[in-house]
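> This is the structure I want to talk about, given as structure tokens.
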Amino acid sequence: MVNIIQPKVDPLPTGIGLTGKTVVITGASAGMGLEATKQLLRLRASTVILAVRNVAKGEACATSLRQDRRIQTHNPKPTIKVMELDVDDYHSVQRFSKQLREEIPVVHILILNAGIGLLKLERSASGHDRTTQVNYYSNVLLIAELLPYLQAGAEKTGSPARISWVGSRAHEVTSLEKKAPIKPGEGVLAHMDKEEAFVPFQRYGDSKLLCVMFMYNLAPRLDPKKVIINMMCPGMVNTNMSDVLPMHLRLIVNVVKSFRARPVEVGGWIILNSALVVGPESHGKFLNDKTISDKSAFIKSPAGQEIQKKLWEETINEIGTLTTLPAELK
């Protein structure tokens with residue numbers, strides 16, 4: 001049941017200071033990614049890496065951020081670096097990871113924000129459904145590429161690195177349960193690539209289900225003294241994600257957003273709460289807004305547990321063909 005009015009969300013607590021910290025945020029040139037970047041800089045982050053698909057747009061954002069009066073007041077000389085990252089492309093993920101490892105000594109916080117929600121099945125260069133490629137596969141590869149690097153940074157600093165992944169409570173109502181269930185003996189990844197398994201208004205949530213299942217599998221394999229991983233849902237936020245919809249649907253969604261959607265600033269608070277405020281208690285947890293939530297009924301069901309197990313095995317097999325897996329992913 002969707003609440004008509006979303007709960008009130010409080011601002012971030014006072015006293016957060018990011019002096020000396022380096023943060024990477026994907027999808028940083030628009031929407032919540034850009035807003036979270038602004039907030040990070042106002043919190044005096046020393047270095048912020050804008051990981052973006054369109055470098056020219058990213059550089060324009062960086063220029064605007066440097067000229068922002070509120071940022072200048074709190075953080076007059078931050079390092080704002082733009083790096084190309086197209087999460088629709090495995091090769092771009094690998095190039096970005098290599099550049100990051102070579103150019104940035106330590107990353108303290110990695111925010112996985114980039115995402116899309118398409119209403120028809122499109123293919124990425126990998127052959128996978130594009131929504132799932134962007135929201136799931138490429139983020140898993142990015143984690144695999146950067147995990148040893150993040151762990152090494154934690155050893156240097158004496159504090160755990162953070163991975164905060166933007167998820168969605170839409171994963172709780174999945175087409176995999178009734179509308180497009182996985183058949184006995186069918187692979188999870190193969191199923192997600194089938195035309196007949198693509199349920200337009202549920203594919204975004206289905207892709208986010210894979211994300212949260214992967215996190216639930218990964219977290220117990222990580223030492224939270226070295227890396228804390230969590231996932232959050234900011235709820236409905238007034239961003240341009242609905243721009244991909246056909247005009248008639250966009251008009252309807254925009255009407256709903258006009259009375260229900262949160263300001264983008266609030267979405268930024270929710271992202272940064274997971275990345276900066278909550279501690280080890282959030283490791284391997286999904287947060288609705290700022291509240292740690294239980295696993296969904298489907299994930300806890302026997303069918304959900306079987307999918308989660310198969311998903312891990314199949315994903316690791318695929319990612320293992322692209323990169324040398326860290327021990328935690330073997």
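Just so you know, the numbers here start at 1 and follow the chain as drawn.
Every residue, even glycine, has its Cβ placed from backbone N, Cα and C.
Source: prediction; values computed, not measured.
Features from Swiss-Prot:
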type     : residues                             : note
BINDING  : Lys57, Asp86, Asn113, Tyr204, Lys208 : NADP(+) binding site
ACT_SITE : Tyr204                               : active site, proton donor
ACT_SITE : Lys208                               : active site, lowers pKa of active site Tyr
> Counting across all protein chains shown, how many other Cβ atoms sit within 10 Å of the Cβ of Asn113 (NADP(+) binding site)?
23
> Among the binding-site residues Lys57, Lys208, which residue has the fewest other Cβ atoms within 10 Å of its own Cβ?
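Sparsest of the binding-site residues Lys57, Lys208 by Cβ contacts within 10 Å: Lys57.
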> Taking the Cβ of Tyr204 (NADP(+) binding site) as centre, how many other Cβ atoms lie within 10 Å?
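The Cβ of Tyr204 (NADP(+) binding site) has 21 Cβ neighbours within 10 Å.
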> Let me know how many other Cβ atoms fall within 10 Å of the Cβ of Asp86 (NADP(+) binding site).
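Taking every protein chain into account, the count is 20.
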